[in-house]
């Protein structure tokens, strides 16, 4: 069927959290607080890593890239979501929706592959400690980061091109941003091709990083088990705990959100999952790495002490 057979849709309106009624103000305060904490925490992480020369290592280079990516990721989604909690029925143009979806896919993909690079770094540090500085050279680190950033645009072009070639009949998005499934539901035509593209892209973006990280940690754990002392094993594994925590939450939420069957979808469940991976997870990264990492805490103390003196 041709697009001209349908009424032309020029903008969307987010339904967002309208079902929460008077509680939207409470949600606004909570989400705004979490958002500010996320921005401040990630900016502090990046700043400390840049300033303190003790943290000029591959692991913290990847962490600074992840914190930067998470900061931009939240900027793409959260400000408009906060506005919709105060000013209801705020429209977004088709171009604006396509742009938001484009950058969302890029940054979400980038985060997954940055976590993969961090997993490889942990593998080299524990399994090849004597060759660590040779293997994890500045050139390789730059290539891994560029590779992470390079995969995202390809995935985004696939998604956005397929999505916005569809004719749309509805204008109300049952969500608080231009996510893939809620926008797809507004199409007038069969979306089987788009669903196949979504499963293909999502499977690649989720399973490839999970598979590579899993292989890295199988080798890491086998090396840790060869350490004679229990204290040594504990200390070595502690260096991986922060990364593993972030990977489990990040990839777990993404898997549930984008690899679920259509019949398992519900507006309430989708909203909760979306809040997890757009608001909670970006805060988790700096919190986990700062609270569980002695080097980051020591660097923060040095920077604060230097400024006070």
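Every residue number used here counts from 1 along the chain in the order it is shown.
Even glycines carry a Cβ here, placed using N, Cα and C.
Any TrEMBL annotation is an automated prediction that lacks curation.
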Quiz item: Which stretch does TrEMBL mark as transmembrane segment, out of 168-190, 237-259?
Solution: 237-259
Self-check item: Candidates 25-51, 140-164, 237-259; stretch with most C-beta pairs under 8 Å toward the transmembrane segment (98-120)
Solution: 140-164
Quiz item: Which residues, given as numbers and ranges, are at least 6 beyond the ends of the transmembrane segment (237-259) yet have a Cβ under 8 Å from it?
Solution: 108, 111-112, 115, 118-119, 122, 125-126, 180, 198-199, 202-203, 205-206, 209-210, 213, 217, 220-221, 224, 270, 273-274, 276-277, 281, 284-285, 288-289, 292-293
